[in-house]
There are 2 protein chains.
Amino acid sequence: MRIGVIGGGQLGRMLAEAGAGFDARFTFLDPSESACAAVHGRHIQADWNDTAALEQLLAASDAITFEFENVSSDVVAMLAEQRPAYPPARALATARDRWSEKSLFRSLDIPLPPVAKIDSQADLDAAVADIGLPAVLKTRTLGYDGKGQKVLRQAGDVTDAFAELGNVPLVLEGFIDFDHEVSVVAVRGRDGETRVWPLVRNEHRQGMLHCSVPQIDHPLQAQAEDYANRVLAELDYVGVMAFEFFVQGETLLANEIAPRVHNSGHWTIEGAETSQFENHLRAVCGLPLGSTARLAPCAMLNVIGALPERDAVLAVPGTRWHDYGKAPRPGRKIGHITVLASSDAQLQERLNAVEQLLTNDLG
Amino acid sequence: MRIGVIGGGQLGRMLAEAGAGFDARFTFLDPSESACAAVHGRHIQADWNDTAALEQLLAASDAITFEFENVSSDVVAMLAEQRPAYPPARALATARDRWSEKSLFRSLDIPLPPVAKIDSQADLDAAVADIGLPAVLKTRTLGYDGKGQKVLRQAGDVTDAFAELGNVPLVLEGFIDFDHEVSVVAVRGRDGETRVWPLVRNEHRQGMLHCSVPQIDHPLQAQAEDYANRVLAELDYVGVMAFEFFVQGETLLANEIAPRVHNSGHWTIEGAETSQFENHLRAVCGLPLGSTARLAPCAMLNVIGALPERDAVLAVPGTRWHDYGKAPRPGRKIGHITVLASSDAQLQERLNAVEQLLTNDLG
């Protein structure tokens, strides 16, 4: 099993770790000299669209996947002509573009917050008049973790905002009151079989994921699975996809999708019968999908900017340390900590103990 | 964290997999060209006692461990003068020699089956007269998985048996009636802290481990922990050690110890809050030990000689596949399968399904 991965960050790194039991070999295409996945395989250091590098990747791989949305869907479509390459290019194209993504939700009758397509300052002025303030202006492509965004709180913020974000295609999203944010991670096999992990409650800080806690018997699990299945089927999807929602009372409002393994699914490495990384590999390689049942109460905390004191964290029972081997830098995800427990009360206790040790620098 | 490992088999391979979250780097010293751990680090291909190779290992390592008993304790003692090298040489020396091992049990008041030291055919004749038949004759050193052994059932088997096993130091062990075999895996830190995983019920076939099932609230857990702690303390041990026992009614009789991570602890990779591999690394590197609680009902099945049809196994829910990347050969451990479940009944069902798919060739 030889897997080619476009991108060599922590998601690629954890994919390779999940492939160890399959005796899989990995090749990563990543322009960065310090791609942290490279320790687990071969590293082709080149741009995502470097033709010679893509040929090398093809030659080294029986199947190909990617670990982020920054690669062009044309590249994936080209690779798919020569090897199984999943998730499919069309899913990537849709998820890369916030307007396409929102339009997909609408076409599938999945509720979502107010949104407008913005191609000019005039579009923006009209959309603000319609949706109201506060609202958030986002680039249609290439934004993540709060980057490429501007919150508009008052009329003055709107003036020249289109130019401020670079005169590129944007969307304006209305602010909504919501109770909390959840996500579901789901996987679809080449044969159309789907599996969904338990819904995860997420807490963000400064636009970055801070904490994810999988929920058992959440009243919105069925609704989330229904929406996820609509999207997966529509895109004839293969691999893992993450779906982020706002919870408003007993309603889910779709926020965004990610056509890849996802930070809110890292708890599955230790906490589920099959991890998102393993099931992504199983799907991409055409193997039967594994069970997504939760094994025990657990949660995941992101490590951002700076590592906390490792031994103090390890001294809290049930903690599992994930150092991605990346240089510390404010606002950068450099690791995560999984917390396992035998009861919800014990989990909360352990989680509180780890929270107090975190030295995250969000930048 | 740079770890040097003497031996590059599957135990070394799984140690490296457990080290990924610590961003640890591994170097393996192993004379085999096809050492299966080599995919996870650097491979120094040389004999265990090759001085130049040991120097290279020292230079590449902050701490050193070993994954089997075939290395001489003198080598470990030599390495320990220059780096933290665990488990300690004395523990290795004791476990490498069946007579030293049995003598240790006796000195610590740990019950064991009848045993005699055999240095000649005359010793053997006398011991058979004392212990009776059937009994099993074993080399004092270097035997494993039923190799270097002869079962003596009748008087004719005794004649010339000392010469048949090579005129080397032996022990004779009396056969005992026992209900089943269990093991406990335990870990002791540099600071003397110990943790013990749940007792495991083991089934052997032709002298090789077939299936391990961790037991919750086993009535002999406390007794097993007591015996394990006596041995760990006596040896001033650091790292993981496995203890095999026969269960006779409400009594444990000590069979043997292994001064390393152990096949009957593989279930801990997915089934425990901390795996034996991770806790071994934590101990060897002087980090706090992790919790040994079981996460969910689970079991491990060995894959011996030939891989079963992978996709059929993966189609059984809750299965995790461990292909060590070794060439198939009768009697060779080439992988294992962990089975996870949410109840004992579900575990049994899944285990039965996997058992039917196994194509083990015990040789």
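Easy rule for this one: first residue shown is 1, then count along the chain.
A Cβ is built for glycine as well, from the same backbone N, Cα and C atoms used for every other residue.
Annotated features, as they stand in TrEMBL:
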{"type": "BINDING", "residues": "B:R98, B:K138, B:143-149, B:173-176, B:E181, B:H204, B:255-256", "note": "ATP binding site"}
{"type": "DOMAIN", "residues": "B:102-285", "note": "domain 'ATP-grasp'"}
In three-state DSSP terms, the structure that B:I176 (ATP binding site) belongs to:
coil
Which residues, sitting 6 or more apart from B:N255 (ATP binding site) on the same chain, put a CB under 8 Å from its CB?
B:L112, B:P113, B:E181, B:E244, B:F245, B:F246
Mean of pLDDT values spanning the domain 'ATP-grasp' (B:102-285):
95
Name the secondary structure element type, per DSSP in three states, that contains B:R98 (ATP binding site).
helix
Under 8 Å Cβ-Cβ from B:I176 (ATP binding site), six or more apart in the same chain: what's there?
B:P113, B:P114, B:F246, B:Q248, B:L253
Three-class DSSP secondary structure - B:N255 (ATP binding site):
strand
